[in-house]
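First the structure, in the form of structure tokens, and then the observations on it.
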Amino acid sequence: MARIDYAEGGLNPPHVHPRGTELLYLEKGSLYVGFVATDNKLYAKRIKQGELFVFPKGLVHFQLNVGEGPAVGFAALTSQNPGTSQVAKALFASMPAIETAVLSKAFQIGDGDVKHLMDVIAKS
């Protein structure tokens, strides 16, 4: 289990747990939560205090505090070692770096934009 504290407007950025499903219980506040299924369909909703949301194993998911003030959640995972990989960091801050041509083509953006994202994400 993990406690997650969200500042007002705070984001738990898109990430995956490759070895565990996550159940999030919202103790305080209001969150916009969601995951993207393997057919690229978004399943998202706003949850409020006392509600639960399930993020299936291996799917990209996120949480954003959309309430006034901080929010507090408790996550239970189905594995003692679920793993976590943040999507943006995995792509734009890997070591060694993925070649710019790969990311430029994948996202249909210019090399300069890829390099800018790499710089910004590496600093975060």
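Cβ atoms here come from the backbone N, Cα and C positions, even for glycine.
Marked as domain 'Cupin type-1' by TrEMBL: 1-115.
The feature oxalate binding site is assigned by TrEMBL to N12, H17, E22.
H61 (Mn(2+) binding site): 23 other CB atoms within 10 A of its CB, across all protein chains. Marked as Mn(2+) binding site by TrEMBL: H15, H17, E22, H61.
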*What are the other residues, in sequence order, whose C-beta lies within 8 angstroms of the center of the C-beta atoms of H15, H17, E22, H61 at the Mn(2+) site?*
V16, F35, F55, L59, V60, P82, T84
*Hey, for the oxalate site built from N12, H17, E22, who else sits with CB inside 8 A of the CB center?*
H15, V16, L24, F55, H61, A75, L77, P82, T84
